[in-house]
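Student: Pulled from TrEMBL, these are the listed features:
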- B:81-265: domain 'ABC-2 type transporter transmembrane' (DOMAIN)
- B:53-74: transmembrane segment (TRANSMEM)
- B:80-100: transmembrane segment (TRANSMEM)
- B:121-154: transmembrane segment (TRANSMEM)
- B:160-183: transmembrane segment (TRANSMEM)
- B:190-210: transmembrane segment (TRANSMEM)
- B:243-268: transmembrane segment (TRANSMEM)
Amino acid sequence: MRGLSKTYPAVRGRRGAPGTPEVRATDGVELDVRRGEVFGLLGPNGAGKSTLVRQLTGLLRPDAGRVEILGHDIVRHPERAARILAYLGQESSALDELTVSLAAETTGRLRGLDVRRARAERDAVLEELGLTPLAGRALKKLSGGQRRLACLAAALVGERPLLVLDEPTTGMDPVARRAVWAAVDRRRAEHGTTVLLVTHNVIEAETVLDRVAVLDQGRVIACDTPAGLKERVAGEVRVELVWRERAPLEVPEVAVLRERAVESGRRWTLRLAPEEARAVVATVTGGAAFAALDDFTLATPSLEDVYLALGGAARQGLVRA
Amino acid sequence: MSVVPAEVLPGAVRTLPQTAAPGAAELGPPARLWPSLVAVYRAQLSRARVARIPLLFVATFQSVGITVMMRGVVDSGGEAQSVVAGSSVLVVAYVALNLLSQYFGQLRSSGGLDHYATLPVPPAAVVLGAAAAYASFTVPGTLVTAVFGCVLFGLPLANLWILLAVIPLAGAALAGLGAACGLLAPRPELATLLGQLGMSAALLLGVLPADRMPGIIRLARDLLPSTYGVEAYARTFGADPDWAVVLVDLGVCAGVGVVSLAVATWAYRRAAVR
């Protein structure tokens with residue numbers, strides 16, 4: 001069943017400060033997200049992810065197009081969005097001066113819970129995310145990752161069938177990240193919660209997402225499972241070579257490779273067919289080249305390679321962490 | 001390198017049902033006005049502990065300082081009454097107008113309004129809750145200033161209770177203005193500037209005795225809502241206060257309060273969904 005469909009032949013033209021040209025932040029985006037799915041929006045900064053999410057949450061009216069969430073038309077009735085979804089934005093300034101506990105409780109009350117339920121859910125969520133020891137501390141006194149976790153706690157108080165999380169794990173340590181994904185998974189397993197995740201972290205995208213849409217300059221350039229996307233570049237292997245001081249260009253095989261490498265200081269990145277990669281590895285692990293080699297890695301393609309192969313304009317901007 | 005065509009192409013418009021389709025998900029409950037107002041009020045009050053106490057001291061010292069300064073200028077007649085009343089209400093103007101416009105200005109520019117806008121909370125609850133909290137912040141400072149001023153100028157303390165009406169009513173009028181300024185100003189610096197200007201107006205037009213002002217300034221004084229709070233309080237110092245006029249003054253505050261809070265609520269809606 002496809003319970004959730006969002007269709008935007010949307011064109012968002014926003015005029016920025018005088019002198020800057022009109023920016024099409026989302027350009028005819030069409031996406032269908034299935035119920036109970038963890039769906040990702042992946043792209044570098046400025047790809048239009050946040051704009052898309054703001055349109056989806058009723059915060060920003062699209063110039064054209066339609067958004068439908070679980071049978072409700074959000075463009076016509078933006079006020080319904082708040083009753084279907086919970087949104088974790090990138091800013092915490094509304095909650096910064098509250099304690100973790102009060103931030104969660106107040107958010108629950110504003111989500112329509114009575115005092116008793118808001119407090120019960122607050123306690124459960126803080127416990128689940130390991131925030132109970134920090135409950136009495138003000139958000140602005142916490143570290144970036146802890147603050148992010150507290151904001152997520154606020155977003156999770158008061159159950160919603162759709163969670164829209166804009167880079168939820170930014171700045172978090174691995175323990176906090178695991179707590180986040182465990183909490184999300186539990187809601188999915190128990191309530192069939194759908195999750196829309198905005199990220200520019202490719203490793204996270206590969207591990208937690210069911211499907212992912214790759215955004216570039218306001219357009220969806222691909223939409224598939226992470227594995228399906230990676231199959232598109234399955235014919236390639238990524239070879240990274242790190243030289244000790246400089247590349248041994250006097251070795252003819254290395255000199256030839258230089259033309260195909262993306263150089264970044266002492267690091268060369270090559271995308272090669274598997275048999276070529278084997279030959280390269282054989283070359284650099286023997287003789288004069290090996291003496292100049294500091295490190296090398298051979299990897300199957302990641303979503304980052306997919307993004308580049310699909311013609312993503314930004315060469316940098318995706319994070320591997 | 002393989003070139004993969006984009007799977008998703010623009011242009012294919014699908015027809016979707018116009019309203020909630022059959023089988024549409026049940027909506028979560030909306031938050032009702034009073035419970036959410038109380039929740040916002042409580043949250044805002046708790047901010048005072050973290051962030052506002054130094055500013056409340058500033059507000060109080062500023063007003064107390066003005067009464068001391070004016071002690072050398074006016075004698076203890078009718079002018080003294082307006083100095084004490086004016087500097088007491090100045091605390092309200094400083095906190096409700098100036099600080100609230102700064103708060104909303106910053107909240108808007110930093111994207112903090114998104115938090116409230118994605119919750120099913122009535123806009124009036126957010127604005128009224130914040131305004132009520134900021135008006136409450138002013139209570140201690142206003143009382144301290146009033147008592148200090150009365151003692152300094154030898155005025156009676158008997159009708160001090162009128163402040164319990166003056167603070168919420170003048171507070172509503174000024175907090176509404178402050179919130180509207182903060183939410184409508186395109187930049188946070190502008191919101192701060194508007195709040196400061198409003199407070200300066202309340203200072204100059206409220207504390208200085210009216211009968212020494214030129215006509216045009218007096219008109220400006222009549223247009224400022226805090227003036228009516230000042231006058232209501234000043235009138236109660238007399239031996240036999242004219243309570244009907246006091247009531248009219250307070251009524252003006254209340255009326256302006258309703259209007260300015262309605263404007264602020266409208267401004268919030270406008271700022272929250274762009």
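Each Cβ is built from the backbone N, Cα and C atoms, and glycine gets one as well.
Would you situate these features in the structure and describe their surroundings?
Tutor: With a cut-off of 8 Å between Cβ atoms, the residues of this chain six or more beyond the transmembrane segment (B:53-74) that come close are 80, 83-84, 87-88, 90-91, 94-95, 99, 137-138, 140-141, 144-145, 148-149, 152-153, 203, 207, 209.
Away from its own ends, the transmembrane segment (B:80-100) comes close to residues 52, 55-56, 58-60, 62-64, 66-67, 70, 74, 130-131, 134-135, 137-138, 141-142, 145-146, 149-150, 152-153, 155, 163, 166-167, 170-171, 174-175, 177-179, 181-182, 195-196, 198-199, 202-203, 206-210, 226, 229-231, 233-234, 237-238 of its chain (Cβ-Cβ under 8 Å, at least six residues beyond either end).
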Student: Cβ pairs under 8 Å only, please: of the recorded stretches B:121-154, B:160-183, B:190-210, which one is richest in them relative to the transmembrane segment (B:243-268)?
Tutor: B:160-183
